[in-house]
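Undergrad: Please find one structure pasted underneath; my questions will follow.
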Amino acid sequence: MSEPLSRAHALALDANDPLRDLRNEFLIPRHAGGEQTYFVGNSLGLQPRGAQAAVQEVMTQWADLAVEGHFTGPTQWLRYHRLVSEPLARVVGALPSEVVAMNTLSVNLHLMMVSFYRPTTQRPVILMEAGAFPTDRHAVEAQIRFHGFDPADCLVEVQPDEATGTISTAAIEQAIAVHGARLALVLWPGVQYRTGQAFDLHAIAALARAQGANVGFDLAHSVGNLPLQLHDIGADFAVWCHYKYLNSGPGAVAGAFVHERHHRDTTLPRFAGWWGHEEATRFQMAPQFIPAAGAEGWQLSNPPILGLAPLRASLDLFERAGMGALRTKSLALTGLLDALVQARLPHVLERVTPAEDERRGCQLSLRVIGGRERGRALFEHLHAAGVLGDWREPDVIRISPTPLYNRYQDLHHFVDEVQAWTGL
Ligand SMILES: *Cc1c(COP(=O)(O)O)cnc(C)c1O
């Protein structure tokens, strides 16, 4: 066996990778006559080759069938959203009836909070992380105000308590205990977008529910990255987008999960629309709203079929690979990246993301030692060399090797380019 941090070893890993063929299912952007080294699947996943055909199929049906496309054949638009429920449910560990592809993440977050954030004078508080993605912070504050409460009193943010800006489970546990009797909702990310920290969703859900609070997860950086067990964890709801690790294109239709225990609860307030009405009587066009059982009952509009088409193509690849095999490769990729950075770039990059497997997904957030100017210069150098990560102010480069299309040799390319830039 060759030396584990050698390029030869990486090439051998690629040659023996059981998932290696999946890379051919993606369109890799070009750079200088070759291919980019793309580590930005956490921001916009690459295009699956099947996406164009899936969109073209809808365009052709529209041309050939027009309105009859709603009712014709196995991909009829009336039930099109249901074509993704089973594979999507497998990706997030849910029952097919618990998931729905609809709207966008921020919209779904609001819709879910309409049903699951029900503040009272005794219990008005939403607990979330400090430094959350802005849309989550905005939505939470807006919901609190919408109910006539004051965010200064009703929004509790758990501060990072670890040296690199991550949050321990103990700190979350303590915050939930301290605010327990006043907690209406705990809203937490699966993976933190800036630090790459993965959280113990099982523990958070159990702690929140033991206090009588609802619990919802924002899985924007988790879905397609980590195996999830939303049903068993017992979250009340979850939301996510499909353009990051789910590779379904810019502004792709998003996803939502509603736990089975809420499916027949007609007392839950919700912002209803006709596509959430039970299918059997929807076209009687009666004024009373009868929600469809399951997450589908939260739909508002008939879905954008063209927007859903790439998601079908993407989920085909997840079905082929399986989340278990993807996670196995992901751990090996990110573990190797970490080892290479520690061994060869300790004077250049400092890992912000936790070291433990169970506390991270594929992303490593790497702080550039020496401050913002040095960081930007390195980032620009990598970009010019066709090595794409992304930048988070003031000094962090995020590198997300994804097991669907990244290779072990890509990690060497990254480390070699950083080393070339430092002149070592
Ligand atoms: C990417 C991301 C979003 C994006 O919201 P959209 O409604 O899809 O624009 C929201 N929250 C988190 C945590 C994210 O990572």
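Cβ atoms are placed via backbone N, Cα and C, with glycine included.
Found this in TrEMBL, in case it helps:
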type    : residues                                                                               : note
BINDING : Leu105, Ser106, Phe133, Pro134, Thr135, Asp136, Asp218, His221, Tyr243, Trp274, Asn302 : pyridoxal 5'-phosphate binding site
MOD_RES : Lys244                                                                                 : N6-(pyridoxal phosphate)lysine
Undergrad: How many Å separate the Cα atoms of Asn302 (pyridoxal 5'-phosphate binding site) and Lys244 (N6-(pyridoxal phosphate)lysine)?
TA: 24
Undergrad: To the nearest whole angstrom, what is the C-alpha distance linking Leu105 (pyridoxal 5'-phosphate binding site) and Lys244 (N6-(pyridoxal phosphate)lysine)?
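TA: Leu105 (pyridoxal 5'-phosphate binding site) to Lys244 (N6-(pyridoxal phosphate)lysine), Cα-Cα distance: 12 Å.
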Undergrad: What is the total of other Cβ atoms whose distance to the Cβ of Leu105 (pyridoxal 5'-phosphate binding site) is within 10 Å?
TA: 24
Undergrad: Out of Phe133, Asp218, Tyr243, Asn302, which binding-site residues have CB atoms lying under 6 Å from ligand 1?
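TA: Correct list: Phe133, Asp218.
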Undergrad: Which whole number of Å gives the largest C-alpha distance between any two of Leu105, Ser106, Phe133, Pro134, Thr135, Asp136, Asp218, His221, Tyr243, Trp274, Asn302, the residues noted as binding pyridoxal 5'-phosphate?
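TA: That value is 31 Å for the farthest Cα pair.
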Undergrad: Does anything in the same chain, at least 6 positions from Tyr243 (pyridoxal 5'-phosphate binding site), have a Cβ under 8 Å from its Cβ, and if so what?
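TA: For Tyr243 (pyridoxal 5'-phosphate binding site), the qualifying residues are Leu44, Gly45, Gly249, Pro250, Gly251, Ala252.
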Undergrad: How big is the gap, in Å, between the Cα of Thr135 (pyridoxal 5'-phosphate binding site) and that of Lys244 (N6-(pyridoxal phosphate)lysine), rounded to a whole number?
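TA: Cα to Cα, Thr135 (pyridoxal 5'-phosphate binding site) and Lys244 (N6-(pyridoxal phosphate)lysine) are separated by 16 Å.
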Undergrad: Give the distance between the Cα atoms of Lys244 (N6-(pyridoxal phosphate)lysine) and Asp218 (pyridoxal 5'-phosphate binding site), rounded to the nearest whole Å.
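TA: Per the Cα atoms, Lys244 (N6-(pyridoxal phosphate)lysine) and Asp218 (pyridoxal 5'-phosphate binding site) stand 13 Å apart.
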